[in-house]
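Q: Here it is, the structure in full.
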Amino acid sequence: MEPQPQSQPRRPRGFAAAAAAAAAAVSTTGTPSGSVGATTASSSSGKGKREREKEKERTKLRERHRRAITSRMLAGLRQYGNFPLPARADMNDVLAALAREAGWTVEPDGTTYRHSPPPQHQQNLGAYPVRSGESPLSATSLKNCSVKATLDCQPPVVRIDDSLSPASLDSVVIPERDTRSEKYPSASPINSVECLEADQLIHDVHSTEHRNDFTGTEYVPVYVKLSTGVINNFCQLADPDGVRQELSHMSSLNVDGVIVDCWWGIVECWNPQKYVWSGYRELFNNIREFKMKIQVVMAFHEYGRTDSADVLIPLPNWILEIGKANQDIFFTDREGRRTTEYLSWGIDKERVLNGRTGVEVYFDFMRSFRTEFDDLFAEGLISAVEIGLGPSGELRYPSFSERMGWRYPGIGEFQCYDKYLQQHLRKAAKLRGHSFWARGPVNAGHYNSRPHETGFFCERGDYDSYYGRFFLHWYAQSLKDHADNVLSLANLAFEETQIIVKIPAIYWWYKTSSHAAELTAGYYNPTNQDGYSPVFEVLKKHSVTLKFVCYGLQICSYENDEAFADPEGLSWQVLNSAWDRGLSVAGENTLSCYDREGCLRIIETAKPRNDPDHRHFAFFVYQQPSPLVQGVICLPDLDYFIKCMHGDITGDLVP
């Protein structure tokens, strides 16, 4: 019998190898396994731990660098290549988009195939087809290129071929530039214009000849919001002649309709279920004469407790009287301070409002309005109803209240310390099996803190711990539950009427990992979570229209500020996430003034040219800081803006 080969012992690796080497050194020197050996082992352990920590930091840096590169690549593909990538695109999405662009068919399960061979001109170019608007580069021109020629070349004015279709003008490969003014010109020979033949110049779709031309684009209705004081606190029309003059001005501008706030604190002011609508009836009759549509806002929030406000509309007096005896009906911060901007979501199903729950109070108000103005609904004069779901009518917690001393760009504070929300938190923690999690964060800072100043929102902070993820998920779930409860009853009250919900634009600290200001407002949207999609699923369930604020050129002033703000990035995430879920989206401007370029940015946001699905706003709301008849119009030419939104004008025609 042949002898069996003996198996070779495995060579130790990693920490085992280090331990074996240390043992061999000890045995060679004859050092006993006493205090010296223990010291050596302790030193090796400490050194290994430090090395592991350093490697973790290096890995994080590499990952951040990789994500930054990926983000820029995705932005370029979306902006210049018309690739309909989702808000949280991964490499599979990118590969699928590139394959489809090359003429391949990609099934949802990843199966990829070609129905027919590529066109002849693509076969000549190999595996990389030419995008629309491009011309193939000749091999001769590339062969004769040199780096020196690239550095010295002076590109002529970029031409636009009139024979190209509008769809072929959606790709930008080489924008117009002046290499003499560049500090670091490209050294790639492919970028040299000298290397291109005369008929191979790339066409710039953003030419100033066509950028401002909105003729024939989608029709986006424009509504103008009436000033807050149009109805006084006694539910009377404050200035009938002034209102008619303002409506006449709007009609001359071809405004599609007006927005009217119906204040809970005015209509049901003194006694529960005693509604006074007389002032609104007179206002609606005036609007009817001018044949304009009406969108009404069910305003369940407080208005005007700021230094800049000249009108004060509190919650109903009978609600404030209940609040004196039971302050927990209001949102409460960690220090026990109450805000009367909006009722706490903890009482949505608690019978603490003279025998009614919070959602029952909202439903009774909405039902009374629907019954009172049934004739206007039947005529189609009232086209939509916006439901106020939080402070300022927005779906959010009152986390950055100026009454509490908040100033931009503070992170705000969590508002979950009334006894009713605390009961919900204890129940959720018990169901999770960790009753000691039934508390708010103790290291989340104050209203005007910065994320890096707190232990909860800082880099690698507690917001991403097991407890932090539990708390933030519960906090955001309470927001979604409130929206679901109120919208369910709103659909009962306003059957066959379009419902609108306003989403806040919390753009400061958007470039940080925690997105602290969004977290305190109820949107669980750090860099490793998508906090808007779950909310939009609730809105989709009730078939509502989402309304979001557009910031025009203000985004430029925030790009490099200390708040790490990114209004444009937030808008991109919110709008695309809503559109991807089939939601109808509307826009609204801020009260700040815009120049002509700011107007154009708003219009481009309302109906983006390069959207392959031709998505656009359902309507746009123009907010005015004062009545139009006073001559204070923030947009430099409201008539021009409206015509561009309607698709009736070329922007360059207006000086």
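Each Cβ is built from the backbone N, Cα and C atoms, and glycine gets one as well.
No curator has checked TrEMBL annotations; they are predicted automatically.
Grabbed the feature section from TrEMBL, which reads as follows:
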- 24-63: region 'Disordered' (REGION)
- 24-46: compositional bias 'Low complexity' (COMPBIAS)
- 46-196: domain 'BES1/BZR1 plant transcription factor N-terminal' (DOMAIN)
- 48-60: compositional bias 'Basic and acidic residues' (COMPBIAS)
- GLU394: active site, proton donor (ACT_SITE)
- GLU588: active site, proton acceptor (ACT_SITE)
Q: Per-residue pLDDT averaged over the domain 'BES1/BZR1 plant transcription factor N-terminal' (46-196) comes to what?
A: 56
Q: Measuring Cα to Cα, tell me the gap between the residue listed as 'active site, proton donor' and GLU588 (active site, proton acceptor) in whole angstrom.
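A: Taking the Cα atoms only, the residue listed as 'active site, proton donor' lies 13 Å from GLU588 (active site, proton acceptor).
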Q: Identify, in sequence order, the residues in the chain of GLU588 (active site, proton acceptor) that are 6 or more apart from it along the sequence and have a CB within less than 8 Å of its CB; answer 'none' if there are none.
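A: Set apart from GLU588 (active site, proton acceptor) by at least 6 residues yet with Cβ under 8 Å, we have LYS502, LYS547, PHE548, VAL549, CYS550, PHE620, VAL621, TYR622, GLN623.
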Q: Would you count the other CB atoms within 10 A of the CB of GLU394 (active site, proton donor), including those on all shown protein chains?
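A: By my count, 21.
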Q: How many of the residues that make up the compositional bias 'Basic and acidic residues' (48-60) does DSSP mark as helix, as strand and as coil?
A: 13 helix, 0 strand, 0 coil
